[in-house]
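Participant: My questions all concern the structure below.
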């Protein structure tokens, strides 16, 4: 099944809800970055959370999320847009612990760390950026997105993200949900939401069992009849890197640096952090870039 995200209204229009299956997308990220179990779970959770923030944006806006904890994984970066295109990378892809956490799951908190920052940069188009930042309060990532939304954007939310990793480090299931309270929600509605959230199985297990974004939202809302589906968006790992973009980046280094690449290295190779695609530049190509540089 191809990955996709569903947006809906629930609780008599008092909550905006999102759910996504991201299994194939996170499989692609794992394959490109050769991530081990804990790094895979952390990257997959971050990418899925970023996907939800991207889905909140307007047509031409983009979101970049950076989670910088004090754990061995190091910084995790993901970006997404309103079209469901997502990419991401983790600084240390090879983190695996033989011991599980107290809940019997991969110890993502230990990998990410419990001290650090979650930063969100919104590219609003027209060269305008908005930056928000909150401390990491959990290291489990879903709770950190929840805290960011409540603190930085003043939106009471609940974010659940999960990745099920096989013993051979391949991805079995991935996805998540996000619920946001809208102004006017009554205490009764809040109580009902809390009851449904408590009864919800873990995200990765639901997806492993074949649940769809629609069926996850039905569980979240307390029934299919309580959902008003707004939009369904395909989700995929997409990177917009290109040789031309890297060429422009090399030009920005200046003539001295490019001359050094030509005379000392006799060429250059650039690798994209997000997708690991590599671009080779010959001496002749570097000479052309040298001519364009200042």
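Cβ coordinates come from backbone N, Cα and C, glycine included.
Owing to the predicted nature of the structure, the values given are computational and were not obtained by experimental measurement.
Annotation comment: Swiss-Prot describes 239-241, 272-275 as disulfide bond.
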Participant: Taking the Cβ of residue 239 (disulfide bond) as reference, which residues of that chain separated by at least 6 in sequence fall under 8 Å from it?
Facilitator: 87, 272, 274, 275, 277
Participant: Which number gives the other C-beta atoms within 10 angstroms of the C-beta of residue 272 (disulfide bond), all protein chains shown included?
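Facilitator: Total other Cβ atoms inside 10 Å, all chains included: 18.
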Participant: Cβ distance under 8 Å to residue 241 (disulfide bond), same chain, sequence separation 6 or more: which residues?
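Facilitator: Set apart from residue 241 (disulfide bond) by at least 6 residues yet with Cβ under 8 Å, we have 272, 274, 275, 277.
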Participant: Looking only at Cβ atoms, how many others are within 10 Å of the one on residue 275 (disulfide bond)?
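Facilitator: Residue 275 (disulfide bond): 19 neighbouring Cβ atoms within 10 Å.
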